[in-house]
Structures are given as C-alpha cells and as structure tokens.
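Visitor: According to Swiss-Prot, the active site annotation covers His113, on the basis of sequence analysis. What Swiss-Prot lists as NADP(+) binding site is Tyr30, Gly31, Ser32, Gln33, Arg53, Thr58, Asp88, Met89, Val90, Gln91, Gly139. The Mg(2+) 2 binding site annotation in Swiss-Prot covers Asp196, Glu232, Glu236 and rests on sequence analysis. What Swiss-Prot records for Asp196, Glu200 is Mg(2+) 1 binding site. What Swiss-Prot records for Ser257 is substrate binding site, and it gives sequence analysis as the kind of evidence. Among the features that Swiss-Prot reports, domain 'KARI N-terminal Rossmann' is placed at 4-187. The feature domain 'KARI C-terminal knotted' is assigned by Swiss-Prot to 188-333.
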Amino acid sequence: MVNVSITTDYSRMLFMRNTTSTLKIAIIGYGSQGRAHALNLRDSGFDIIIGLRPGGPTEAKAQADGFTVQSPDQAAKHADLVAVLTPDMVQKKLYEEVLAPNIKQGACLLFAHGLNVHYGMITPRSDLDVVLVAPKGPGALVRREYEIGRGVPCIYAVHQDLSSHAEQLALTYAGGLGGARANIIKTTFKEETETDLFGEQAVLCGGVSSLVQAGFETLVEAGYQPEIAYYEVLHELKLIVDLFYEGGITRMLEFVSETAQYGDYVSGPRVIDGSTKERMKAVLKDIQDGTFTKHWIAEYQAGLPNYKKYKQADLEHPIEKVGKQLRAKMVWLNSEKTNDTTPPMSSKVV
C-alpha cells in the first residue's frame, strides 16, 4: 500500500495521482455497478482484476470486456483494495469464507452499501482500512456519464482507518468513477445505510408503489376504464419525476397547469398527512434499531416465503396486466432501453 501523509489539498492531489499508478483493485462481482466501476476505474488508469466464481454467468462478459478474471479468493490475495459489489445477502458468507482469509494485511475493503457492516453481519479484520463509496445512480448511468466526460455524484464514508489515509483512498476511488466531476459528499456507514433503506421503503419503492396501486384501484372501483386509470396514475408519473430530478418540486409546479398546482396544494395533504409522517417515523425506527434487518435476514434464511408471496401479489395486481398491454403499443420504449439489463447491486436485490 502507498504510505503518504496527507496534510494539504496539494498533497491529497499528489496522493491520488501517485495511487492511481500503483493501486491494484479487485472488483468482486460484475453486475450493473461492478461492471461500471471496473470500466471507469480502468479508464482512469487503475490496475483492475475481477473476482468471480469460475463458470459464473458474468465471467464471459468480464472477459469480453478485456479484464483478467480470477476466483474471488485469488483476486483478493493480489489486491491493495477489494471492492465488494455483490448483493447484500451474500456478502456475509463471501467475506467470512472467501475474503477474510485471503485479503492481505493493510489492504482496503470497500463497500457500495453499508448494511452488512453497520448492522454487524460483517466485522472486518482490524488490520484493514474499511470504506464505502456509493455512486448515486445505476451502473449504466455511472458508465455513460463517465464516457461523455461527466460523472455521477458519489457519497463516501470511512469505517476503519488503519493506514491513516483511508479517506484519501475512498476519494481516489470515487474520483476514478468520475464522481469528482460532479459532487462527492462525506457520510457515515450509519447514515448511508439508514437513509438508503428508508428512502427505498417509505418513498422510492414501497411508498410510490403502494400509492400508485391505491390510486389505480380507487379509479377503477369508481367505474373508470383501467386503461385510463393506468395512464393517469402510473404512466404520467415519469413526467413528474423527471421534473423533480431536474429541479425539485418547484420546477415540477412551474411546468404543470394552475389547476394541477391548486390540486397539489389542497388535495396532496389530504392523501399524505401527519399520520403518514408518523407511520414513516415508525418505518425509520425499525430501520434504526435493526428490526427490519433482523426480519429480512430471517426471511432470507427461511427461503423467502413471504417475499415470494408479496412479489406474486404485485405480479397479479390488475395494473400489471393493463400496463403490459398498453406498453406493448408504446414502440418508443424499445428504443429507450439501455443494455444495462442486470439488476442493480443494492439492498433491494437478492
């Protein structure tokens, strides 16, 4: 490992430049994020090896991309930094059985999500630097933005700093992804994990999905055509989210009609009110005290019986049948699809 004392912005830049030419990085996993990380880091000048199960489904893809592929244990042995980019629920076994016995002393262990470390499923060896670097976007976007000379914002955190330059390693890694071209924000494993889980459960996945289904059911039960209900509560959601993404809630309000604005002001609080916020707080509490993670681990170890039941119920919801029929006629959707068909590596992937 490079051993440099970081005292100024200049010396930090010097550290990053020198580290780029000497750091060997093992990327464990080659899904959406793993591939984007590997390609961007290689193009930034790092020496990259990929750690995958021999004969696994992504081995050929990594080799076609020009990478040396080794088994995870061998990749870890030869790396100065090991990036764990596999789904959450396989990381504990991967670390305990494969990585911990093989990572060399003084190396850096990097995660893209803090769940396993924060909740104690993984206790990293004390002789390692342990950091987190998480681009705030899917792998396809991380790669695409890098290729056109831009970048996706990243957050980073330090859990263990044995070398006294773990933070600089995290920043160097984030810079290699292209994050420094956009924005890099320091956080903690606790903050990243708890806010990420809350966002997924209360808003981005659980909250929005339940809101859309309830809206669809309300219209259909009132006698409106399912096709019209689908357009109004699901299809047009993209228009609103794109405006949120570009400039926040105020930008969305600038681009909708005055009628829509007034409806937002008077009816939004009737649907999402103080009681909703109280239930959100209960969701957050379950995340903070580990209740959610405890239940999720038990569910996973039991073979996912409830998970499968919930998933099947969503698949059988009437909005899915209607949506499939309507989307089949939206020929432009095919042209908008990217090659990034691998599910993102995160807490929501099994």
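Quick reminder: no glycine exception, Cβ is built from N, Cα and C everywhere.
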Visitor: Among His113, Asp196, Glu200, Glu232, these being the recorded positions, pick the one whose CA is nearest to that of Gly139 (NADP(+) binding site).
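Guide: Nearest listed residue in space: His113.
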Visitor: What's the CA to CA span in angstrom from Arg53 (NADP(+) binding site) over to His113 (active site)?
Guide: 21
Visitor: Among Tyr30, Gly31, Ser32, Gln33, Arg53, Thr58, Asp88, Met89, Val90, Gln91, Gly139, the annotated NADP(+) contacts, find the widest CA pair distance and round it to a whole Å.
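Guide: Farthest Cα pair among residues binding NADP(+): 21 Å.
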Visitor: So if I draw a 10 Å sphere around the Cβ of Asp88 (NADP(+) binding site), how many other Cβ atoms end up inside it?
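Guide: Step by step: centre on the Cβ of Asp88 (NADP(+) binding site), count other Cβ atoms within 10 Å, giving 23.
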Visitor: Rounded to an integer, what is the Cα-Cα distance in Å between Val90 (NADP(+) binding site) and Glu232 (Mg(2+) 2 binding site)?
Guide: 39
Visitor: Given the recorded positions His113, Glu200, Glu232, Ser257, tell me which ones have a C-alpha lying within 10 Å of the C-alpha of Asp88 (NADP(+) binding site).
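Guide: Close recorded positions: His113.
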Visitor: On a count of neighbouring CB atoms within 10 A, which of the recorded positions Arg53, His113 is highest?
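Guide: Answer by Cβ density within 10 Å: His113.
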